[in-house]
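See below for the structure under consideration.
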Amino acid sequence: MLLEALKRNSLLERFEKVCKGFANGYSIAKVKCQSSTKTHNLRVMSKVLLGKEKIDFSNAVSRASVVYDIAVHLAQGEREIVDGTTNKGTTEEGEIEDFKVLLQIQNTYRPVFGDFLRASAAERQHASHLRRLLAINNINYDKLREAYEEGAKGALDKILKEEIANAKEADLTELLDILDCYFDPDKQPIKPKTQWNSKYRGNNSRPYRNRRSTSRSKKGSESKGEESVTDPNTSTENNSTDTTVSAETSPRSENQIKVEVPAN
(Lines of atoms letter the chains of each structure in order from A and count residues from 1; the text may use other names and numbers.)
(Lines give C-alpha, C1' and ligand atoms only; values in the text may rest on other atoms or scores of the structure.)
Protein backbone atom coordinates (compact mmCIF):
# COMPACT_ATOMS: atom_id res chain seq x y z
CA MET A 1 0.00 0.00 0.00
CA LEU A 2 2.82 2.38 0.85
CA LEU A 3 4.68 1.79 -2.41
CA GLU A 4 1.51 2.14 -4.48
CA ALA A 5 0.67 5.42 -2.74
CA LEU A 6 4.18 6.72 -3.41
CA LYS A 7 3.87 5.75 -7.08
CA ARG A 8 0.56 7.55 -7.48
CA ASN A 9 2.07 10.74 -6.07
CA SER A 10 5.39 10.47 -7.96
CA LEU A 11 7.37 10.17 -4.72
CA LEU A 12 8.90 6.73 -5.18
CA GLU A 13 12.31 7.95 -6.40
CA ARG A 14 12.69 10.33 -3.45
CA PHE A 15 11.62 7.57 -1.08
CA GLU A 16 14.16 5.09 -2.47
CA LYS A 17 16.99 7.56 -1.84
CA VAL A 18 16.15 7.43 1.87
CA CYS A 19 14.81 3.89 2.32
CA LYS A 20 16.88 1.00 0.96
CA GLY A 21 14.70 -1.85 2.16
CA PHE A 22 11.99 -3.20 4.45
CA ALA A 23 12.72 -5.23 7.58
CA ASN A 24 10.30 -7.84 8.89
CA GLY A 25 9.79 -6.82 12.51
CA TYR A 26 8.02 -10.05 13.39
CA SER A 27 10.99 -12.12 12.20
CA ILE A 28 13.40 -9.98 14.22
CA ALA A 29 11.27 -10.37 17.36
CA LYS A 30 10.98 -14.12 16.85
CA VAL A 31 14.77 -14.53 16.54
CA LYS A 32 15.63 -12.34 19.51
CA CYS A 33 12.82 -13.30 21.89
CA GLN A 34 12.12 -16.95 21.12
CA SER A 35 13.55 -18.06 24.47
CA SER A 36 11.70 -15.50 26.58
CA THR A 37 8.20 -15.42 25.10
CA LYS A 38 6.06 -17.60 22.85
CA THR A 39 3.93 -14.79 21.44
CA HIS A 40 5.51 -12.07 19.33
CA ASN A 41 2.62 -9.83 18.35
CA LEU A 42 2.65 -6.05 18.71
CA ARG A 43 0.67 -5.92 21.94
CA VAL A 44 2.96 -8.35 23.76
CA MET A 45 6.21 -6.94 22.36
CA SER A 46 5.29 -3.34 23.18
CA LYS A 47 4.46 -4.33 26.75
CA VAL A 48 7.52 -6.54 27.34
CA LEU A 49 10.17 -4.55 25.47
CA LEU A 50 8.94 -0.97 25.59
CA GLY A 51 6.86 -1.01 28.76
CA LYS A 52 3.91 0.49 26.89
CA GLU A 53 0.42 -0.80 27.55
CA LYS A 54 -2.03 1.95 26.62
CA ILE A 55 -1.56 2.03 22.86
CA ASP A 56 -4.31 2.46 20.30
CA PHE A 57 -3.53 -0.43 17.96
CA SER A 58 -6.52 0.43 15.78
CA ASN A 59 -4.58 3.49 14.61
CA ALA A 60 -2.16 2.82 11.74
CA VAL A 61 0.23 5.60 12.82
CA SER A 62 0.45 4.16 16.33
CA ARG A 63 1.13 0.67 14.98
CA ALA A 64 3.86 1.92 12.64
CA SER A 65 5.53 3.85 15.46
CA VAL A 66 5.51 0.82 17.76
CA VAL A 67 6.89 -1.46 15.03
CA TYR A 68 9.78 0.94 14.46
CA ASP A 69 10.53 1.30 18.19
CA ILE A 70 10.54 -2.49 18.65
CA ALA A 71 12.87 -3.00 15.67
CA VAL A 72 15.30 -0.35 16.97
CA HIS A 73 15.19 -1.83 20.47
CA LEU A 74 15.88 -5.37 19.23
CA ALA A 75 18.53 -4.51 16.67
CA GLN A 76 20.68 -2.20 18.83
CA GLY A 77 23.41 -1.99 16.23
CA GLU A 78 23.38 -5.70 15.36
CA ARG A 79 23.35 -5.22 11.62
CA GLU A 80 23.50 -8.91 10.75
CA ILE A 81 20.14 -9.55 12.43
CA VAL A 82 18.40 -6.82 10.46
CA ASP A 83 20.06 -7.81 7.18
CA GLY A 84 18.71 -11.32 7.48
CA THR A 85 15.11 -10.11 7.61
CA THR A 86 15.28 -7.29 5.07
CA ASN A 87 13.97 -7.08 1.52
CA LYS A 88 15.17 -4.41 -0.87
CA GLY A 89 12.68 -1.92 -2.22
CA THR A 90 13.09 -3.29 -5.73
CA THR A 91 12.27 -6.77 -4.43
CA GLU A 92 9.05 -5.51 -2.86
CA GLU A 93 8.12 -3.75 -6.10
CA GLY A 94 8.63 -6.96 -8.03
CA GLU A 95 6.41 -8.87 -5.62
CA ILE A 96 3.70 -6.25 -6.03
CA GLU A 97 3.76 -6.64 -9.82
CA ASP A 98 3.59 -10.43 -9.48
CA PHE A 99 0.63 -10.06 -7.14
CA LYS A 100 -1.17 -7.83 -9.66
CA VAL A 101 -0.75 -10.48 -12.35
CA LEU A 102 -2.09 -13.09 -9.93
CA LEU A 103 -5.17 -10.97 -9.26
CA GLN A 104 -5.79 -10.49 -12.97
CA ILE A 105 -5.79 -14.24 -13.56
CA GLN A 106 -8.07 -14.81 -10.57
CA ASN A 107 -10.53 -12.21 -11.83
CA THR A 108 -10.93 -14.08 -15.13
CA TYR A 109 -12.76 -16.78 -13.14
CA ARG A 110 -15.48 -14.48 -11.79
CA PRO A 111 -18.11 -15.94 -14.15
CA VAL A 112 -17.33 -19.44 -12.86
CA PHE A 113 -17.21 -18.67 -9.13
CA GLY A 114 -19.63 -15.73 -9.05
CA ASP A 115 -22.31 -17.53 -7.01
CA PHE A 116 -19.72 -18.82 -4.54
CA LEU A 117 -18.34 -15.33 -3.98
CA ARG A 118 -21.85 -14.14 -3.06
CA ALA A 119 -22.48 -16.99 -0.62
CA SER A 120 -21.44 -17.48 3.01
CA ALA A 121 -18.01 -16.51 4.31
CA ALA A 122 -16.84 -20.13 4.32
CA GLU A 123 -17.94 -20.62 0.70
CA ARG A 124 -16.21 -17.39 -0.37
CA GLN A 125 -12.99 -18.41 1.34
CA HIS A 126 -13.02 -21.84 -0.28
CA ALA A 127 -13.79 -20.38 -3.72
CA SER A 128 -10.88 -17.95 -3.34
CA HIS A 129 -8.62 -20.89 -2.50
CA LEU A 130 -9.68 -22.76 -5.64
CA ARG A 131 -9.22 -19.69 -7.84
CA ARG A 132 -5.79 -19.11 -6.35
CA LEU A 133 -4.74 -22.68 -7.17
CA LEU A 134 -5.43 -21.93 -10.81
CA ALA A 135 -3.85 -18.47 -10.76
CA ILE A 136 -0.54 -19.36 -9.09
CA ASN A 137 -0.05 -22.03 -11.75
CA ASN A 138 -0.73 -19.48 -14.50
CA ILE A 139 -3.91 -21.19 -15.72
CA ASN A 140 -6.35 -18.55 -16.92
CA TYR A 141 -9.98 -18.85 -17.95
CA ASP A 142 -9.36 -18.77 -21.72
CA LYS A 143 -6.91 -21.64 -21.51
CA LEU A 144 -9.46 -23.91 -19.82
CA ARG A 145 -12.27 -22.81 -22.13
CA GLU A 146 -10.21 -23.67 -25.22
CA ALA A 147 -9.19 -27.00 -23.68
CA TYR A 148 -12.83 -27.89 -23.03
CA GLU A 149 -13.83 -27.00 -26.60
CA GLU A 150 -11.13 -29.36 -27.89
CA GLY A 151 -11.34 -32.28 -25.47
CA ALA A 152 -14.24 -31.71 -23.08
CA LYS A 153 -13.88 -32.94 -19.49
CA GLY A 154 -10.87 -35.12 -20.24
CA ALA A 155 -8.84 -32.14 -21.43
CA LEU A 156 -9.71 -30.21 -18.26
CA ASP A 157 -8.69 -33.15 -16.10
CA LYS A 158 -5.34 -33.40 -17.89
CA ILE A 159 -4.48 -29.72 -17.37
CA LEU A 160 -5.46 -29.74 -13.70
CA LYS A 161 -3.45 -32.84 -12.87
CA GLU A 162 -0.38 -31.94 -14.92
CA GLU A 163 -0.07 -28.22 -14.19
CA ILE A 164 -1.28 -27.84 -10.60
CA ALA A 165 1.34 -29.05 -8.17
CA ASN A 166 0.97 -29.68 -4.44
CA ALA A 167 -2.84 -29.63 -4.52
CA LYS A 168 -5.14 -31.94 -2.62
CA GLU A 169 -6.94 -34.58 -4.64
CA ALA A 170 -10.27 -33.36 -3.27
CA ASP A 171 -9.59 -29.81 -4.49
CA LEU A 172 -8.70 -31.03 -7.98
CA THR A 173 -11.84 -33.18 -8.13
CA GLU A 174 -14.02 -30.28 -7.02
CA LEU A 175 -12.38 -27.93 -9.52
CA LEU A 176 -12.97 -30.42 -12.32
CA ASP A 177 -16.66 -30.80 -11.43
CA ILE A 178 -17.22 -27.04 -11.16
CA LEU A 179 -15.49 -26.30 -14.47
CA ASP A 180 -17.14 -29.19 -16.32
CA CYS A 181 -20.63 -28.21 -15.18
CA TYR A 182 -19.94 -24.59 -16.10
CA PHE A 183 -18.66 -25.22 -19.63
CA ASP A 184 -21.14 -28.00 -20.48
CA PRO A 185 -24.41 -26.39 -21.66
CA ASP A 186 -26.34 -29.59 -20.90
CA LYS A 187 -25.42 -29.50 -17.19
CA GLN A 188 -26.51 -27.24 -14.39
CA PRO A 189 -23.72 -25.13 -12.86
CA ILE A 190 -22.74 -26.20 -9.35
CA LYS A 191 -24.16 -23.85 -6.74
CA PRO A 192 -22.81 -23.14 -3.24
CA LYS A 193 -24.30 -25.17 -0.42
CA THR A 194 -25.38 -22.11 1.56
CA GLN A 195 -26.76 -19.03 -0.16
CA TRP A 196 -26.54 -15.72 1.68
CA ASN A 197 -30.16 -14.79 0.97
CA SER A 198 -31.63 -18.11 2.08
CA LYS A 199 -29.50 -18.22 5.20
CA TYR A 200 -30.02 -14.72 6.52
CA ARG A 201 -33.35 -13.63 5.06
CA GLY A 202 -35.25 -16.71 3.95
CA ASN A 203 -37.70 -17.09 1.12
CA ASN A 204 -40.68 -15.75 3.05
CA SER A 205 -38.95 -13.13 5.14
CA ARG A 206 -40.59 -9.76 5.55
CA PRO A 207 -39.04 -6.82 3.69
CA TYR A 208 -36.50 -4.78 5.58
CA ARG A 209 -37.88 -1.71 7.28
CA ASN A 210 -35.86 1.21 8.51
CA ARG A 211 -36.34 1.57 12.25
CA ARG A 212 -35.58 5.25 12.10
CA SER A 213 -38.26 5.80 9.47
CA THR A 214 -40.74 3.81 11.57
CA SER A 215 -40.05 5.89 14.66
CA ARG A 216 -40.45 9.07 12.66
CA SER A 217 -43.80 7.93 11.31
CA LYS A 218 -44.98 7.19 14.86
CA LYS A 219 -43.97 10.66 15.98
CA GLY A 220 -45.76 12.13 13.00
CA SER A 221 -48.99 10.28 13.83
CA GLU A 222 -48.81 11.47 17.44
CA SER A 223 -48.31 15.06 16.38
CA LYS A 224 -51.43 14.83 14.19
CA GLY A 225 -53.47 13.88 17.23
CA GLU A 226 -52.38 16.88 19.30
CA GLU A 227 -54.67 19.74 20.26
CA SER A 228 -55.87 22.18 17.63
CA VAL A 229 -56.64 25.83 18.45
CA THR A 230 -59.51 27.65 16.79
CA ASP A 231 -58.58 30.86 15.04
CA PRO A 232 -60.46 33.69 16.75
CA ASN A 233 -60.99 35.42 13.42
CA THR A 234 -63.02 32.48 12.08
CA SER A 235 -64.90 31.78 15.29
CA THR A 236 -68.52 32.72 15.62
CA GLU A 237 -67.94 34.02 19.11
CA ASN A 238 -65.55 36.88 18.34
CA ASN A 239 -66.91 39.10 21.09
CA SER A 240 -65.89 36.78 23.95
CA THR A 241 -62.89 37.79 26.00
CA ASP A 242 -61.62 34.24 26.33
CA THR A 243 -62.28 30.91 24.69
CA THR A 244 -61.82 27.47 26.24
CA VAL A 245 -60.81 24.76 23.78
CA SER A 246 -61.24 21.13 24.75
CA ALA A 247 -58.49 18.70 23.70
CA GLU A 248 -60.84 15.87 22.81
CA THR A 249 -58.73 14.69 19.91
CA SER A 250 -55.57 14.50 22.00
CA PRO A 251 -54.37 11.30 23.68
CA ARG A 252 -54.24 13.37 26.85
CA SER A 253 -57.99 13.99 26.75
CA GLU A 254 -58.21 14.70 30.46
CA ASN A 255 -56.19 17.89 29.98
CA GLN A 256 -57.72 21.07 28.66
CA ILE A 257 -55.91 24.01 27.18
CA LYS A 258 -57.08 27.51 27.89
CA VAL A 259 -56.26 30.03 25.19
CA GLU A 260 -56.51 33.71 25.88
CA VAL A 261 -57.91 35.62 22.89
CA PRO A 262 -57.73 39.41 23.03
CA ALA A 263 -61.00 41.26 22.65
CA ASN A 264 -61.61 43.16 19.41
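Cβ atoms are placed via backbone N, Cα and C, with glycine included.
According to TrEMBL, the compositional bias 'Polar residues' annotation covers 194-207 (among others).
If you look up TrEMBL, you'll see 208-218 marked as compositional bias 'Basic residues'.
Taken from TrEMBL, the feature compositional bias 'Low complexity' covers 230-244.
Sequence annotations record features per position, and here TrEMBL assigns compositional bias 'Polar residues' to 245-256 (among others).
Here TrEMBL flags 1-49 as domain 'Exuperantia RNAse H-like'.
Marked as domain 'Exuperantia SAM-like' by TrEMBL: 110-182. On the 0 to 100 pLDDT scale, the domain 'Exuperantia SAM-like' (110-182) averages 90 in this prediction.
The feature region 'Disordered' is assigned by TrEMBL to 190-264.
Residue counts for the domain 'Exuperantia SAM-like' (110-182) by DSSP state, with H, G and I taken as helix and E and B as strand, are 61 helix, 1 strand, 11 coil.
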